[in-house]
Structures are given as structure tokens and as C-alpha cells.
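Undergrad: Just passing along the structure, written as C-alpha cells.
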């Protein structure tokens, strides 16, 4: 917090000038003269390979389908004669989507955050992502921003980007909610601004470094297990990688270890992978029940079930961001193209939070509509509870109306 607070204050007070200075300092993008790219985005900034465009378009459509299916109907319930309670849905007007930069290009996160915002009907979508050192933004992110109808891209990362979206600057639109994962500084900044009533901004969840827990047994393919562990390890050296082995022998565990080594050596990000694997953990248990007890306690961001009868395990899943079932469901499909969202709770927050979904972008507003007879039916209960709580004005708001009815 000691590092993050001064940055937030700097952007809140200094606006565009401070945001640009922090971008020069942290991203080394000293040639950058403006931190905001406004829509419509130039075609030359969206030049991507045809096969990449096709992959993005397929992923976009699958994500759209899954999130569109989450739309809910308005509710209308007559709780007693003449007393009608309703609930209706409205989109959050302005959302800020944080897309990390760091060691990887992440158009997939832009999809995961932007597509549900578009489906929900958010009027203003602001995307923030750190620029490259030459001041440019990756064309894949610009293309996705165009597809989801973003009004602007803020070329900044870290706490400074969060602050710009929370408070607004001369060029950055102030948003009502900030969504998206990031490092510990981004997570801290999101928590700070969400607790500042002057910002008037909410957040999706505390989402930090990636986590995976793989539950495997004697039926598991060692190559599959290793590949899923490595796919999380390559996110960053701070990724958490955990294997729970159910009644596996030393030979079976060694087969996984050998696959880890062989596959890791073929990866271009082998140094990052080694850093994450160095603090990884393997836990050997005897039973499925022990495995699920550990998993529910840990509440992993990603839970991979590479076990016999994997579908049955889901009945005992209580805490997890997203679950990947069976040998043909690598976590990678959830990261990119299956349709589920990959912006998920970490740090054990899957015990309290859901991953990003359509409801993350909407508000549920309730209403009450009473007839005169409805007020007669419920009024006595209201007045009695107001009397118990010694809130006389509440009681009288009902009594005055009922007296008015009696005079007619």
C-alpha cells in the first residue's frame, strides 16, 4: 500500500500529465506523448495475421454465446394481494477493463472482459493496458477493443491506470466499475479506490497471480498433467502450481516429473516456468475425499480434474474459480476459446467471489408497487416493526395514508 497510495494520489491530482509521467517511468515508453487512444481506432493499428483474426473471432463468438445465455428475466411477484415486488436489470453505464501487459500479450483478457460488457449493454467501455516500450499497443488488443465497441484505450498499466479510470483525467473517462486481473500493485490499487467513497467505483474481485490445482490419479496421462501444470507456470514466476496426487506410486509421480522437465525445456519461457515450478507443491493423498477437502480449502482459481470418473468429482466442488473436467479439457481452452470466462478469483477468494460473468456488468434494481388495499394488507406489520425500532416517521408514513383512506 505504501508504494501504491502515492501513485494513486499523483494521478488523482495530476491527471493526464501524471499518468504520462508514470507511463514513461514504469513502461519505459518515453516516446509516448498521449496515454489515450480514442475510437474509432485506425486500421493500421489493427493489422494482425489472418489466422489470429480467425482465432479471435471464434473465441469472441463462443464467449458471446455463453454470456448471452446468462441473461435473466425481469421478476414480478405479488407477495400478498395488492403488493407487487419487481426486479429489473440495467447495465452499469461505464466500465473500465484492466488488461495486464508484463511478460505476455493478452488479447484473450480483452475478450473475456470486453465481450460480456458488450452483451450487457454497457454504454462506455474503457480498456487500460500498458504500452510496449516504443509507445505502441499490441494490434490484437486494438482489434478486440474495436470488436467490443470500446470508446478508448488507456496506454498505461499498474496502479496509475487503475487510478485514472477510478477518478478520471482530462482524457480518461471516469468509470463506475473496474474489472480485470493484475499483479499485487494492481490488486492493491483496485482495493484502495473501491474503498474511497470520493471515487465512487466498485471492482469485480481481488484477482492476482495465476493459480492452478491439478487433481490426478493412477488413470491420469503424465504428459497431460505436466502440460497443465506448465501452462500456468508460464504466466509468471509468482504463479501458484499445485498437484494433488491420489494414491499414486513413486513411479507414477516420477513420470509426471520427467514430463515436466522434458516439456519445460522445449518452452520459450523456460526461465519463467522454472521460477514458478521452484515453489510448486505436490501433495499425495489416499482418497478422493481427502483431495477434495484440500481443494475446497485452497479454493483454486483453476481446478483441473484429471481423474477417473472426473464428472462425479464436481458434485463435491465447493470452492473454485473454474473447473476443467476430464483428460480432453486442458485449462487452455478456458483461457481462450471455450466460452467460459478466465478472469477468476485468486488468493482463496473463490470461497466468496465468482469469476467475471454477465452479472458483473449489470445492476439488479427492485421496485414495490402497492394498491390502497395492498397498503391496508401490509400496513399493520410495517407500523408494528417501525414501532419496535422506534422509527416514528416510518410508522406515520403508513398511518397517514391509512387515515386518508378511511376518510374517503
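Keep in mind that glycine also has a Cβ here, set from the backbone N, Cα and C atoms.
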Undergrad: Which of 210, 280, 367 shares the substrate site with 232, 235, 302, 335, 389, 394 per TrEMBL?
TA: 210
Undergrad: What is the separation, in Å, between the Cα atoms of residue 232 (substrate binding site) and residue 301 (active site, proton acceptor)?
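TA: About 11 Å separate the Cα atoms of these two residues.
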Undergrad: Fewest other CB within 10 angstroms, which one of the binding-site residues 160, 183?
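TA: Fewest other Cβ atoms within 10 Å, among the binding-site residues 160, 183, is found for 183.
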Undergrad: Using a 10 Å radius around each Cβ and counting other Cβ atoms from all shown chains, which of the binding-site residues 235, 394 yields the largest count?
TA: 235
Undergrad: Secondary structure at residue 301 (active site, proton acceptor) (DSSP, helix/strand/coil)?
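TA: Looking at the DSSP assignment, residue 301 (active site, proton acceptor) belongs to neither helix nor strand, so coil.
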Undergrad: For NAD(+), what surrounds 98, 160, 183 with a Cβ no more than 8 Å from their Cβ centroid?
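TA: Near the NAD(+) site, the remaining chain residues are 100, 128, 130, 157, 158, 159, 161, 162, 182, 185, 186, 189.
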